[in-house]
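As recorded in TrEMBL, the features of this protein are as follows:
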- 26-56: transmembrane segment (TRANSMEM)
- 76-100: transmembrane segment (TRANSMEM)
- 129-153: transmembrane segment (TRANSMEM)
- 165-189: transmembrane segment (TRANSMEM)
- 221-239: transmembrane segment (TRANSMEM)
- 325-357: transmembrane segment (TRANSMEM)
- 367-410: region 'Disordered' (REGION)
- 373-410: compositional bias 'Acidic residues' (COMPBIAS)
Amino acid sequence: MGPMNLHFDIRDIFRAPRLALSGKKIWIFILGNIVGYVSYWILTYVAFALAGINFSQSWSDYGLYPCLFGNEASCFAWIVYLAGIVIWFFTVSLSCTAVARVTYKQLKGDEFFSSGDACAFVKKHWHPVIFTSISLLLIIVFFLIGAMTFALFGKIPYVGEFLFVIPYFFYFFGAVFTIYSAIVFFIALTYTPAIVATCEEDTMGAVFQNYSIAWSQPWRVILYHTALLPIGYIGIWIFKYFWLGAFKLINCVYGCSWFMGTKLANIVAYASNIICPESVCRLSSSFCSFGSGPSCCVGNVSSCCAISTNVDIASISGTETVAGVILAIFLFLLVLAVISYGLSILSVGETIMFVIFKKKSDDDNLLERKDEDELEEEEEFEADETSDEEDSEDSDSEETETDEEKPDED
C-alpha cells in the first residue's frame, strides 16, 4: 500500500480519534501505564513509610491511588515520591514513542507494523526520548546558575554596579533565551516522541527540532491543539459511553433475580469498594460539582459499580471476595483502557502535527522518506543479490573450467 493521502493542514488532525482507535495502540499504552503505575504505587508507599505513616493506615486512606501531597514528609520521602512520578511519566513517553512509530508506519501504508516491532524500535531509540527534556532542563539550569553567579559579582563594592550595568544587554537576551528554552522544554515533553519515531533523531537532533517547532510553528501548535483537544474529548466520551453501556448490560442480565441476583451485587460492590473507595468518590464528586460533567470518569465508574448501596461488605462470603478482587482487576484494566485511548488520540495527533510541520517548514514529506527499516531491507536485498551474482559467477567459472579440461582428456 502507498502512503496515506494527507492534506498537510488542520483537516488531518480530525483523523486522530479514528487512527487512535486501534487495539495495538491502546494495548501499548495499557502496558506502559501498568509499568508506570506499579512503579509509582510502590515508591509512593515507600515514601509513606519514610514519612512515618504505616502501610495499613495509608492503604485505608488511599488504597490504589496513593498521593503524598497533603502529608508531612521529609525531603528524602518527597524525592522518592517524585521519582515515582518521573518514572511513570517516562514510561508513558516511551509508550507514546511506540504508538507514534506505529502511526508513522500506518501513514506510510504499512498496516502490519506490530506492537512488538514498535517496542523493538523504542529499545533502540529510548535515549533521546528521555534525555532531550533533561538536556533542555540542564540548559535552563545553566543559564539560571550563570545569572546567579553574575548577580554575586554585582555585590563587589564600587565595581559591582558597573558589572551589572555594562553587560546589561547580555543579561537581558540571556533571560529572553531562558524563557524561550522554558517554552521549548514544554514543547519537547509533547513532541519528542513523535520526532524520534518519525525522524529517528538522536538527542541533539531532537533538541534542535523542538527549538525549530517553537520558533517557526507556534501558531500552528496552538491552532492544531484547539482542534485536537475537543475532538479527543468527544472521542473519549463516546468510547467511555460504550464501555459503560456494556458494563450496565452485563449487570442487567446477570443481576436478574432469575440468575445471579444478590451474588452479583455482592461481587460488584466489593470490586467497587476496591476500585472506587469512599475517598476517591468524595474527590470525584467535588470535581464533578465544578461542572466537569462527563469528564469525571472516576465518578461515573463508581456510580456504575455500586449496584447496591445497601450491601454489607463484611457479610460477603470468601468466594465472593475472591471473585470481587478478580473483577476489580478487570475493571481497573477497562478504566485504564479508556485513559489509554485518550493518550493514543494525543500521540496520534502529535505525530500528524509533526509530519505537517516538516512539510510546511522544510517542504520535507516524511511519508516519502525511507526510514531505517526500509533501508535495512534494501541493504539485505542488495546483499542477497550480490551473493546470488557471486554464486552464478562461480558456477559459470566452474563450467568453463570443466569444458576446457574435456579436450585435454581427449
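Cβ atoms here come from the backbone N, Cα and C positions, even for glycine.
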Are there residues at least six beyond either end of the transmembrane segment (26-56) with Cβ under 8 Å to its Cβ atoms? List them, or say none.
20, 64, 66-68, 71-74, 76-78, 80-81, 83-85, 87-92, 94-95, 98-99, 102, 115, 118-119, 333, 336-337, 339-341, 343-344, 347
Of 76-100, 165-189, 221-239, 325-357, whichever stretch has the most CB pairs under 8 A to the transmembrane segment (129-153):
165-189
Between the stretches 76-100, 165-189, 325-357, which wins on the count of C-beta pairs under 8 angstroms to the transmembrane segment (221-239)?
325-357
So which residues does the transmembrane segment (325-357) touch in its own chain, when a touch means Cβ under 8 Å and the partner is 6 or more beyond its ends?
6, 8-9, 12-13, 15-17, 19-22, 25-27, 29-30, 33-34, 64, 92, 95-96, 99-100, 103-104, 107, 190-191, 193-195, 197-198, 213, 216-217, 220-221, 224, 228, 231-232, 235-236, 239-240, 243, 247, 267-268, 270-271, 274-275, 297-298, 301, 305, 366-367
